Amino acid sequence: MKYILVTGGVISGIGKGVIASSVGTILKSCGLHVTSIKIDPYINIDAGTFSPYEHGEVFVLDDGGEVDLDLGNYERFLDIRLTKDNNLTTGKIYQYVINKERKGDYLGKTVQVVPHITDAIQEWVMRQALIPVDEDGLEPQVCVIELGGTVGDIESMPFIEAFRQFQFKVKRENFCNIHVSLVPQPSSTGEQKTKPTQNSVRELRGLGLSPDLVVCRCSNPLDTSVKEKISMFCHVEPEQVICVHDVSSIYRVPLLLEEQGVVDYFLRRLDLPIERQSRKMLMKWKEMADRYDRLLETCSIALVGKYTKFSDSYASVIKALEHSALAINHKLEIKYIDSTDLEPSTLQEEPVRYHEAWQKLCSAHGVLVPGGFGVRGTEGKIQAIAWARKQKKPFLGVCLGMQLAVVEFSRNVLGWQDANSTEFDPKTSHPVVIDMPEHNPGQMGGTMRLGKRRTLFQTKNSVMRKLYGDTDYLEERHRHRFEVNPVLKKCLEEQGLKFVGQDVEGERMEIVELEDHPFFVGVQYHPEFLSRPIKPSPPYFGLLLASVGRLPHYLQKGCRLSPRDTYSDRSGSSSPDSEITELKFPSISQD
């Protein structure tokens, strides 16, 4: 097993996750099995109770793990399925050690950060690195570990010490450290400054880790003189200084690393069992990046949500929209609309914001209402849903978005004026959305219906069934406490709101479609968590197709992706060029 540790310096949020994912991508393109671990030095057990404003979205895994959004990057880039133990937090490791102490495993010893916490970290990493994450079930050969935060943070000290010891435990030829640092370029001088990187590497080396690669994040490509300066002061060769400058799309980052000889370096440094050959998977990334840069037509989607001021709150939703837009050869324009701005109360208090929000909504090609919690902004979302329904605008509601679509339909079509979710109005006489039986009140963490669940299609001719390739069932990830009241199903269906997908027991409403509408769909699950760049999520893909007016034509042609549209580079084909000529997204004609 080979371990690659990715650390960060100067500031957080400079793209360690994308760089770690890109390193995994180029290694996977060489035919290796790659897994990933994200370490977050906060004391929370998991990301389940985080505010989206503070930490971005909560990413949900197959096993129901609520984890950091960086694990979403790993899954999308590498097309793997991770588990909750691939996200290690200070809280998890302390809980693990304290539980062992309570059981008497330490035989009365004084339990300390060193050696007990640091040993537990190393054991966790070595154990988790061996868990298969690919569909073929084979054991990984490389584990990419991202240490969150920045070097020098007091929270990350136990992890730095653990990896200082770890590099000797697994031997130098099996361990490599990539340090990601910022090279700022003040506009006043236009000169690239290396001092922050020098200080960051000096601090890391003082803690016992010496970087093998220094990855410099910068606005523009590094000058040769700057590269040589970093090489001299950071104790690395010039070819070990890697420049990752701002690029048009993140699809270019793996290509950027490949061009600078990162694979050749790993080949020598870690003695990896790979051959120098043309790599099909990277060709697919290059093809995607080139397509992305050549897009001319634009499709605009109004994202009506509660957390629109911080785009990371909807990271996977945005990625799913981007994947689908690329598949239909359109640039994506997302119009972020704070749902409270659409409410009548805003018209009285801030009329300019109200009219600007409605202007954005009316000018969009399609409307998306994503998941969320809490009553604030729900009436604005209902207003947007009502507008999309009446104006025949393509609409997709995800989780809360689906629930509010049912509330809107109940109020404005069935005439139940007080129809609501019991989450917002426990005393409503028409509880169209109710608390779930699985929910255990009183404890915030882990009380929802989480993880991958199966949904069965109830009819042969629904739009969603066709988008999923005319299959009998689908498996998607869930994260919700409330659901559509099954008692009211008949009343809603009689008026044209069809529940075309239900759970295995037939008790939970999973997919809803409105008759006589170009595309009005609600899903209780979160399809964005399984969207991939080459395999866009069917609900989002349907929304984009409908938004550009091509859905009917696509449904007539049949909806299967090419079997070659996968990430696997272990197909045994000796002709990557022939595969690349067949790389095609879902077939869309220009009419």
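Placement of Cβ uses the backbone N, Cα and C atoms for every residue, glycine included.
According to Swiss-Prot, the active site, for GATase activity annotation covers CYS399, HIS526, GLU528. The domain 'Glutamine amidotransferase type-1' annotation in Swiss-Prot covers 300-554. Marked as N6-acetyllysine by Swiss-Prot: LYS100. The phosphoserine annotation in Swiss-Prot covers SER562, SER568, SER571, SER573, SER574, SER575, SER578, SER587. Swiss-Prot lists 562-591 with the feature region 'Disordered'.
A straight line from the CA of HIS526 (active site, for GATase activity) to the CA of the residue listed as 'N6-acetyllysine' spans 36 Å. The Cβ of LYS100 has fewer other Cβ atoms within 10 Å than any other of the recorded positions LYS100, HIS526. When the active-site residues CYS399, GLU528 are compared by the number of other C-beta atoms lying within 10 angstroms of their own C-beta, CYS399 comes out lowest.
Here LYS100 (N6-acetyllysine) is positioned 37 angstrom away from GLU528 (active site, for GATase activity), judged by their C-alpha atoms. Taken residue by residue with DSSP, HIS526 (active site, for GATase activity) is part of neither helix nor strand, so it is coil.
A distance of 39 Å separates the Cα atom of LYS100 (N6-acetyllysine) from that of CYS399 (active site, for GATase activity).
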